[in-house]
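Chemist: If you scroll down you'll find the structure; I have some questions about it.
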């Protein structure tokens, strides 16, 4: 059975656990519509991605 040679210090234990924290997702404001969206994602309101129309937008009637 594997047994640790040395006691893990509180600092090292904390550094290992720092990756477990939940991080809030980042949002950017779209230049054209002003809507908040995730970076590198399509703007669902306009259907644009990187200045190109990639999605047909349904018009509300």
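In case you wondered, yes, glycine gets a Cβ from its N, Cα and C as well.
Annotations per Swiss-Prot:
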{"type": "COMPBIAS", "residues": "1-16", "note": "compositional bias 'Basic residues'"}
{"type": "REGION", "residues": "1-44", "note": "region 'Disordered'"}
{"type": "COMPBIAS", "residues": "28-44", "note": "compositional bias 'Basic and acidic residues'"}
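Just tell me what is around each of these and how deep it sits.
Modeler: Below 8 angstroms of C-beta separation, residues 54-55 of the same chain, each at least six residues beyond the ends of the compositional bias 'Basic and acidic residues' (28-44), sit close to that stretch.
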Chemist: With helix taken as DSSP H, G or I, strand as E or B and everything else coil, how many residues of the region 'Disordered' (1-44) land in each class?
Modeler: 11 helix, 5 strand, 28 coil
